[in-house]
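Working notes, beginning with the structure itself.
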Amino acid sequence: MSTKQFDVVVIGGGPGGYIAAIRAAQLGQNTACIDEWKNDKGGPALGGTCTNVGCIPSKALLQSSEHYEQLNHHFADHGITADNVKIDVAKMLARKDQVVKQNNDGIVYLFKKNKVTFFHGRGSFVAAKDGGYEIKAGEEVIFAKQVIVATGSNARALPGVPFDEETILSNDGALRVGSTPKKLGLIGAGVIGLEMGSVWRRLGAEVTVLEGLPTFLGAVDESVAKEAAKIFKKQGLDIQLGVKVGEIKSGKAGVSVAYTDAKGEAKTLEVDKLIVSIGRVPNTVGLGVEAVGLQLDDRGAIVVDHDCKTNLPGVWAIGDVVRGPMLAHKAEEEGVAVAERIAGQHGHVNFNTIPWVIYTSPEIAWVGKTEQQLKAEGVAYKAGQFPFLANGRARALGDTTGFVKFLADATTDEILGVHIIGPFASELISEAVVAMEFKASAEDIARICHAHPSLSEATKEAALAVDKRTLNF
Ligand code: FAD
Ligand code: NAI
């Protein structure tokens, strides 16, 4: 059988890989994508971590649990009460699985529409040959001159504490817990710790989060992190900072975690389930990097330059398997840019304007520099802040927590960072991203007409606050 030839082969069908494949095909390249993820029937489940055990299912559970929280604690303010409110966790999980499946199927449809050839199975480098690469795609061997590696990342386990996905859970098991645990422990108060901790706390679990660092959400603007810590504590999340986790024992009865708290006191946390969310490791398992000499760094990430070029001609790498933030939209942007570079265009990713969102309640979103970064870099800046408490739409919604904060260059007024904690922060941040991408000044946003009543008026007012001229506060 002759080897199938492609212009571009993408290994990995997560948000980085599938988007790269679609863009390459749109640009006229004969493109294949290889992905090994299996659904519960052994069939393909395109979309990677993001679709199967990441962004999409976590947001589905965050939505379901938030409805439950609203009905139990906040609807009464609107005059709506209900007796005998129950949560059917099995149904909630089934809905989440359905949402995942819709996304899996959507990508299959997109591959057909864009004429991307899909191989279900593992992709691995066999050899460099004839100015290109032989790649094993499941049971077949295929050939391409251009290869995009988008193999993603896996959850990092604590040394000597493997995930059993029954009591010691990665993000995968954390999204499949069959009933609300009475006591839930999480190690790591990062993005997954806070999102998954919020889901199970809303559903009634007693949640304790053990964080190694003494600072809460160190990468977030300090004023936002401070506000978030206050709110999460009030909601009942017990977040302990500066702990040192020791021995972890798990059995049928649950898990016990020995740790030393910030004061140096030895303690034990007994929980029914433990989620370990201490970051993720780039995934190159079984990729055959040694067969072609693809260079990895000491974290196991594929070494790439600013343009996602690896050390091998014609081999590119994108998304979680390379440097930079582990975010789906960062992976997608890199995928598009690489496909365009392969086609001779000038794909570009602006790393300064990649937004971050934490989907807790309130949501936290930001883009650009934090105040502490600007101070450390010695940049002269002006800050403007506006609370949702003074926003009409937020009052009508019944959610006035948080604020919008602008940081602008003291001389040029260029927006350097925008930080939001509050309702729909995930949606509001887009305006800030657009503004920064167009190098807008705070005054530009302040002078733009924003619909009334809308949460986006808080963004306009925060921009006005940079020049100390808010109208509604
Ligand atoms: P992945 O999505 O990991 O996809 C890689 C794919 O490659 C997988 O399907 C894998 O099976 C396949 N693969 C690996 N090796 C091979 C091989 N050798 N052969 C064939 N196939 C292979 N990011 C956000 O932006 N927003 C969020 O809200 C968000 N929420 C998250 C929630 C959780 C719980 C987690 C864990 C992550 C979340 N992320 C979120 C991060 C996001 O999921 C990742 O940044 C994103 O999935 C990375 O995309 P990727 O394409 O690089 O890799
Ligand atoms: P994370 O990097 O966000 O947080 C890990 C936390 O664990 C850190 O605070 C770290 O200090 C702490 N930690 C590390 N080792 C520890 C130890 N031994 N003991 C105690 N604490 C320890 O990683 P997380 O939450 O696992 O998520 C992984 C990545 O997935 C995120 O960084 C993000 O890129 C992505 N993600 C994005 C989401 C979003 O965009 N909304 C949602 C969830 C995940």
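From the backbone N, Cα and C atoms, a Cβ is placed for every residue, glycine too.
Annotation in TrEMBL places Cys55 in a disulphide bond whose other cysteine, of Cys33, Cys50, is Cys50. For the NAD(+) site, TrEMBL lists Gly188, Ala189, Gly190, Val191, Ile192, Gly193, Leu194, Glu195, Glu211; matching the candidates Gly121, Gly123, Gly279 against that entry yields Gly279. Taking the mean position of the Cβ atoms of Gly188, Ala189, Gly190, Val191, Ile192, Gly193, Leu194, Glu195, Glu211, Gly279 as the NAD(+) site, the remaining residues of that chain whose Cβ falls within 8 Å of it are Leu186, Gly197, Val209, Ser277, Ile278. Residues Gly188, Ala189, Gly190, Val191, Ile192, Gly193, Leu194, Glu195, Glu211, Gly279, recorded as contacting NAD(+), have a largest CA-CA distance of 14 Å. For Thr151 (FAD binding site), the nearest of the recorded positions by C-alpha distance turns out to be Cys50; the candidates were Cys50, Cys55, Gly190, His452. Leu194 (NAD(+) binding site) has Lys59 as its nearest neighbour among the recorded positions Cys50, Lys59, Met326, His452, going by CA to CA distance.
Mapped onto DSSP helix, strand and coil, the domain 'Pyridine nucleotide-disulphide oxidoreductase dimerisation' (354-463) counts 42 helix, 33 strand, 35 coil. Checking the recorded positions Cys55, Gly190, Glu211 against ligand 1, the ones whose Cβ sits under 6 Å from it are Cys55.
Per Cα geometry, Ile192 is the residue among the recorded positions Gly188, Gly190, Ile192, Glu211, His452 nearest to Cys55 (disulfide bond).
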